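J.: Per TrEMBL, transmembrane segment is recorded for 12-36, 42-60, 67-91, 111-140, 209-230, 250-269, 305-328, 385-404, 424-443, 477-497, 509-533.
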Amino acid sequence: TNIFPLYAAPLLSLFMFACVLQEAKCAFVVILMAVYWCTDCVPLAVTALLPIIFFPLMGIMKSEQVCLLYVNDASMLGLGGLVVAIAVEYWNLHKRLTLCILMLVGVRPALLMAGFMSIAAFLSMFISSIASVTMMLPIIHDVLEYCRKTEDAAKDWEQQQSAPTQENHAPLLPVELEPSPEEVFRAEQRMLRHQQNNLNLTKGMSLSMCYAASIGGTATLTGAIPNLLLKNQIDKLFPENGDVINYTSWFKFSFLNMLLMLATSYLWLHFMYWGFNVKKSFGCGTNGNSRQAAHQLMRTEYRKLGSFSFAEGCVVVLFLLLVVLWFTRDPGFMPGWAELLFNQERKSVLSLVAASHMFVLALPERPSLRAPKTLLSWGMVQKKLPWNLLLLLGGTFALARGIQTSGLSVSVVRALKPLQNIPPAALSFVLCIVVSMLTEICSNSMLSTILMPVLASMATTIGLHPLYLMVPPTICISFTFMFPVATPTNSITFTYTNLKIMDMVKPGFVLNILGILCTNLAIHTWGVAIFQLNEFPAWAKFNSSSTALPLTSVPPTVPL
């Protein structure tokens with residue numbers, strides 16, 4: 001099945017390769033990489049290396065120029081963040097946090113879903129969403145299983161207590177040994193309803209995990225690959241932007257949007273699987289015995305983690321210190337430490353300093369012979385670090401630079417010229433709809449790489465703030481809710497829970513619409529204040545000649 005796209009894609013688009021125009025040659029590479037990424041006929045990392053092969057052959061860029069794009073500030077930022085995340089996972093800090101919160105919220109369906117979605121979103125802000133979903137799915141399935149077992153045991157005990165016996169009753173009258181057909185039918189209906197309720201509970205809880213992980217990744221600059229790609233594109237296309245996208249500014253905008261999206265998705269999933277039965281949802285649908293047993297299970301799992309160790313404390317301190325330094329580097333409302341001390345050093349320095357300390361801090365005592373002498377060992381990082389992700393990041397950066405250098409972005413902007421007549425608010429909404437549909441079948445990084453230079457060119461051409469057209473689609477690219485193939489977290493949940501395609505399509509379609517609405521509400525309210533979107537920035541006008549069509553009449557301010 002993989003052979004057909006492997007050879008059909010280059011053969012069908014071969015005429016572009018033979019074309020004299022640089023735009024057509026770059027379009028050949030774009031189509032080839034898009035087909036390979038979508039069909040997964042070769043590994044994603046191998047597809048990401050294609051620009052190194054084709055761009056020098058086509059004369060679009062020199063080989064050394066392409067290769068340098070595979071190691072840059074954004075990729076080093078991701079590398080440092082991944083190493084810190086590996087330390088968090090290795091010392092089970094994520095599991096300790098999860099069990100602590102679950103012991104607080106209990107196992108009532110409404111509160112349990114809220115607790116798990118909050119944990120998944122929070123973890124995905126800083127570590128891999130795949131890791132957070134993989135870690136929490138077995139935990140929540142164990143909790144639900146214990147709820148069912150203890151609830152069934154409690155019902156059996158109640159029936160035994162209420163059943164009449166020979167000792168405390170008068171001689172029993174003759175009774176029917178076999179139940180009537182009506183009683184059998186009612187019993188079967190109760191059993192079917194009970195099974196359906198359990199199935200809905202499992203579906204709702206499982207899907208809420210992968211959805212919350214995707215939503216949580218949008219809150220921080222390092223939480224999702226499209227966020228990093230946007231940052232890289234802004235810095236490459238507009239070098240004089242004054243660091244308009246930094247960790248603090250992105251968090252101030254996206255965190256509120258993440259909370260809004262998380263709340264709306266929680267309400268929709270709650271309504272879809274349990275309706276508005278407040279008593280049943282917040283009263284658990286399980287009795288006190290099952291809640292007590294599930295709570296005991298979580299306490300037992302927490303005890304297995306042991307006491308808080310020295311290594312865990314070191315990882316927590318480094319992790320919190322890294323987050324605090326990220327936020328205070330350039331907070332926006334006051335001069336940051338980077339401006340005062342180091343003349344705006346890149347954030348990759350922070351992540352790499354924190355990551356390097358994981359290999360320096362020695363442990364006073366090793367928990368086992370297999371445990372490393374320091375917080376992390378290089379062998380451990382080699383096994384757990386997703387190296388293909390770094391190549392994927394580099395490939396997207398190289399493809400984006402090729403689109404810009406060859407002039408393909410300008411050609412696409414010319415083709416999209418009719419969209420310039422659409423009002424800005426409607427244009428943002430249309431772009432979000434298109435992106436949210438494409439991201440269900442295309443690689444998030446590939447889609448972001450291709451669209452960001454085009455959207456930047458379109459914005460500068462029509463006189464809009466570039467972030468006005470670039471930020472909403474970047475967030476919507478992460479809203480992959482409908483299909484299992486859209487993102488690895490969906491695939492893991494789909495396989496682990498034995499879902500059907502429609503089990504994910506029905507809630508996912510509505511969540512895509514809610515995500516588009518929330519994102520556009522955010523960009524037109526607090527997004528305008530944070531990024532000053534009602535003015536066309538001087539840095540965009542100054543650099544527009546290299547990223548878009550010539551600007552003939554750009555108004556000083558563009559009302560949104």
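A Cβ is built for glycine as well, from the same backbone N, Cα and C atoms used for every other residue.
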J.: Below 8 angstroms Cβ to Cβ, which residues of this chain, lying six or more residues outside the transmembrane segment (209-230), approach it?
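T.: Hits for the transmembrane segment (209-230): 74, 77-78, 81, 116-118, 120-126, 129, 132-133, 136-137, 140, 245-247, 250-251, 254-255, 257-258, 261-262, 265, 269, 347, 351, 389, 392-393, 396-397, 400, 444-445, 447-449, 452, 470-471, 474-475, 477-481, 487, 489-490, 492-493, 507-508, 511, 515.
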J.: If you count Cβ pairs under 8 Å, which stretch among 305-328, 385-404, 477-497, 509-533 touches the transmembrane segment (67-91) the most?
T.: 385-404
J.: Counting Cβ pairs under 8 Å to the transmembrane segment (385-404), which of 42-60, 111-140, 250-269, 477-497, 509-533 comes out on top?
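T.: Counting Cβ pairs under 8 Å, the winner is 42-60.
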J.: Given pairs 6 or more apart, does the transmembrane segment (111-140) have at least three Cβ pairs under 8 Å with the transmembrane segment (477-497)?
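T.: Touching, yes - the transmembrane segment (111-140) and the transmembrane segment (477-497) meet the threshold of 3 or more Cβ pairs under 8 Å.
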J.: When you scan the chain for residues with a C-beta under 8 Å from the transmembrane segment (477-497), skipping those not six or more beyond its ends, what do you find?
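T.: Distant contacts of the transmembrane segment (477-497): 129-130, 133-134, 137, 141, 202-203, 206-207, 209-211, 213-215, 217-218, 224, 226, 435-436, 439-441, 444, 447-448, 504-505, 507-509, 511-512, 515-516.
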